[in-house]
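Q: I have a structure here, written as structure tokens, and I will follow up with some questions on it.
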Amino acid sequence: MMSLKLLLLVMLLLGASLQVTHAARATNVGRECCLEYFKGAIPLRRLTGWYRTSGECSKDAIVFVTIHGKSICSDPKDTRVKKTVRYLQSIMNPVPQES
């Protein structure tokens with residue numbers, strides 16, 4: 001009887017530790033950070049969208065997404081990057097024309 005209680009206690013502790021490990025691992029899901037910025041020119045016609053990296057990242061970045069699904073990290077302070085973001089915003093959310 002004592003060994004059955006010990007076995008149940010061990011299984012309970014093992015199950016609890018697996019739950020904690022699984023929950024801790026899930027906190028980083030979906031977080032993408034840039035380590036460096038791309039310095040070259042990016043043709044506008046190859047871009048499908050953009051997003052800003054999480055505030056949890058050490059380096060603030062704008063990430064452009066290409067038609068092939070690639071992510072390109074860019075400096076949000078760069079003038080070309082700002083113009084590209086404005087362009088993408090204008091084609092994604094066109095301003096209604098007055099009649």
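Residue numbers in this text run from 1 along the chain shown.
Each Cβ is built from the backbone N, Cα and C atoms, and glycine gets one as well.
According to Swiss-Prot:
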| type | residues | note |
| --- | --- | --- |
| DISULFID | Cys33-Cys57 | disulfide bond |
| DISULFID | Cys34-Cys73 | disulfide bond |
| SIGNAL | 1-23 | signal peptide |
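I would like each feature placed in context: is it buried or exposed, what are its neighbours, and how far apart are things?
A: The Cβ neighbour count for Cys57 (disulfide bond), using a 10 Å radius over every protein chain in view, is 14.
Spatially close to Cys34 (disulfide bond) yet at least six residues away along the chain are Thr53, Cys57, Lys59, Ala61, Val63, Cys73, judged by Cβ distances under 8 angstroms.
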Q: Taking every protein chain in this structure into account, which of the disulfide-bonded residues Cys33, Cys73 has the most other Cβ atoms within 10 Å of its Cβ?
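A: Going through Cys33, Cys73 one by one, the largest Cβ count within 10 Å is at Cys73.
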